[in-house]
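Trainee: What TrEMBL lists as transmembrane segment is B:55-76, B:88-107, B:119-137, B:206-229, B:236-253, B:259-279.
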Amino acid sequence: MGHHQNHRILMVSDFFYPNFGGVENHIYYLSQCLLKLGHKVVVVTHAYGNRSGIRYMTGGLKVYYVPWRPFYMQNTLPTIYGLLPIIRTILIREKITIVHGHQAFSTFCHEALMHGRTMGYKVVFTDHSLYGFADIGSIHMNKVLQFTLADLSQAICVSHTSKENTVLRSGLPPEKVFVIPNAVDTAMFKPADQCPSIEEIVIVVISRLVYRKGADLLVEVIPEVCRLHPNVRFIIGGDGAKRVRLEEMREKHSLQDRVEMLGAVQHDQVRSVLISGHIFLNSSLTEAFCIAILEAASCGLLTVSTRVGGVPEVLPEDMIVLAEPDPSAMVQAVGKAISMLPEIDPQVMHKRMRELYNWHDVAKRTEIVYDHALKCSNQNLLERLSRYLSCGSWAGKLFCLVMIVGFLLWRLLELWQPADEIEEVPDVILPDNHHEEMLHQSQ
Amino acid sequence: MDLRSCDKSSPPRPRWRKVAYGGMQTGYGDNYTDESFLEGMVTNASVVKRDMIKVMLDSISISEYLCIVALVVLVWTLTLTSTLDENSLLFLDASLLVSGFLILIFTQESLCFNLLLHYFLNISFFITGLYVLAPIYQTLTRSISSDSIWAVTVSLLLLHLFLHDYSGSTVITPVAPKNPALSSCISVNASVVASVFIASRLPSRLHVFAIMLFSLLVFLFAPLVTYCIKKYSFRLHLCVSILLIALTLSFVYTLDRLLFVVLLSLLVFVNVVCPYWLIRLHEYKFEINGPWDEAKLCFDITD
């Protein structure tokens, strides 16, 4: 590989397979593509059930499942220093150069980034979500984020809206924040071989049926759409607290034969659900990026979505119909999408998506961020403390204290278990033919 | 493609667009920050400018309720020290009941006979129940030592004051149909428990009945009555409040100088210091809204 510098990257997050979601997907695909570019990638997450210890995934991707209990929504208990010994050992064993944390809710990520900085590693953080400024929960989260990001080398956001949000929340200079969107594995999301007929129009919804995903909006929109367009049928995939409300709506308007509820859909089943439809409906109330839209577009579906968060940036205007999160606007948008349908060719749509989104492109752009991070100057503890001090009159002092104690603990660990006593892991070079071709690059 | 057609047109650097698709934009790094950065941010959009006088007038209803509770405590102390006998207590109950009813009747635009009958029936059931249960209240917490009773009563009253819903009524009636929040339910319960505790220190059943009726009337219906007055006319509300405050202060003054000072400073704190404080702190209000906020649904969700 004609690459000037090979990085050794530690991906840290509470969220990784076997859990499933956007962040998990992002870490997996990004790691796979970075491995292909010749970098070394190690993933660290907490143990899932009895999945604990070291596992290898496709392409020699090494995953440490640290035996650390999650306590709430797959998040580990914040212990501040509890993870320092194991993170330090992994960093030294794997000869890591860059620590890359994912997702602001992940306590594991925050701790690893903090210890990484204490030990003088370059740290990069990817923010996958949007956060408001109004309620107590957000205020607390934003303070924690400010602490973690105060001394960050570089940050990555998944959309421009997310960048604005992160800059406001953390006070980072905007030029330190890169926008690198998610991508979609277009090989996995191909349209059906023959176009479904347009006689009966099928609208697909796949999302968790919860308030934030706009399930209540669906309850208002679906009966109205069914009333206005007699040839429309809905397929709803997903489960959640609001499923009962949707079922009630179905009973109340006697739409049992026109609204099909599938329940939770496994990720490998998503494509087969998507290709049975013509239009994909996303009703989220907040969304940093929305991978579901990419998957639907890649399957050749026209998307109707609420105009929230980063969604307007995701697709070109002719591939998506946006509406304000208001029932009548949504019904109108669905009507517009139905009138656009005859001109939509799923195959053409899929081809365009292959040009627009590509994980290899994401990996290359992330590589540039790593290069930037490595160019950041090394700073000693005192210089770094001054940055924490500027985080707030009380919080700043508290952050400094936390960092100083962390530094002392690290020094203690150095005495107790010197770095050169920790065995380094030899790099396993997998011969190329062992690679299971997971990512089919677009030519 | 859009991007390519941009490339072909003469300027070497196509305009940057706020989009996430199509890979890195030619000529711009991923950390490029456009002038449009934070364009969608709105600060202090829904902040209400507050007026000192208005806040002070609004805070009067808090002082009013503080005084009502102080008067209840006053009556309790007087009964405990046998200054008030049961007959005058019963007379007080009856006059409170009648005046409360009159206020309810006069502050409503339309009088409905059925509603009045409904109220009357309910109240009579309530009083009968209370009378039957009075012996139980008298002995329920008798075995607890008096010191514990005072301590618990004081803390329950503080809890009651802390959680009380000063803006509305704590009981649901056709006049105030809003469902009370959990905290105001806890507040009402705390006050009832405090009354039960106090009742156990009284000498006779009639005393217990009279004092329980008095406390329940005040704790349950005083918020409703003040709410009705406030809804009827704000000026009347102010007059009633000031009258109540003056009454309480003079009573407390005759009882104990220290308590008087404490109550007076509390009232000053609530009516003058807190509003000033709020106005001062308001200058620091910094509200940020933008495209990253969760969208609000414009319709009601009925679960």
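Here the Cβ of each residue, glycine as well, is placed from N, Cα and C on the backbone.
In terms of burial and nearby residues, how do these features look in this structure?
Mentor: Sequence-distant contacts of the transmembrane segment (B:55-76), counting only residues of its own chain at least 6 positions beyond either end whose CB sits under 8 Å from a CB of the stretch, comprise 84, 89, 92, 157, 160-161, 164, 166-167, 198, 211, 214-215, 218-219, 222-223, 226, 230, 234, 237-238, 240-242, 244-245, 247-249, 251-252, 255, 263, 266-267, 270-272, 274-275, 278-279.
Beyond the ends of the transmembrane segment (B:88-107), by six or more residues, the same chain brings 75, 79, 116, 119, 123, 175, 206-207, 210-211, 213-214, 217-218, 221, 224-225, 228-229, 231-232 to within a C-beta distance below 8 angstroms of the stretch.
Only residues 6 or more beyond the boundaries of the transmembrane segment (B:236-253), in the same chain, are considered here, and those with a CB under 8 A from a CB of the stretch are 57, 60-61, 63-64, 67-68, 70-71, 74, 226, 229-230, 259-260, 263-264, 267.
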Trainee: Short question: which residues 6 or more past the ends of the transmembrane segment (B:206-229) have a Cβ under 8 Å from it?
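Mentor: Distant Cβ neighbours of the transmembrane segment (B:206-229) are 61, 64-65, 68, 71-72, 75-76, 79, 86, 89-90, 92-93, 96-97, 100, 103-104, 107-108, 126-127, 130-131, 134-135, 137-138, 160, 164-165, 168-171, 173, 175-176, 188, 191-192, 194-196, 198-199, 236-237, 240.
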Trainee: Taking residues 6+ outside the transmembrane segment (B:119-137), which of them lie with a CB under 8 Å of any CB in it?
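Mentor: Same-chain contacts beyond the ends: 97, 101, 104, 196, 199-200, 205-206, 208-209, 212-213, 216.
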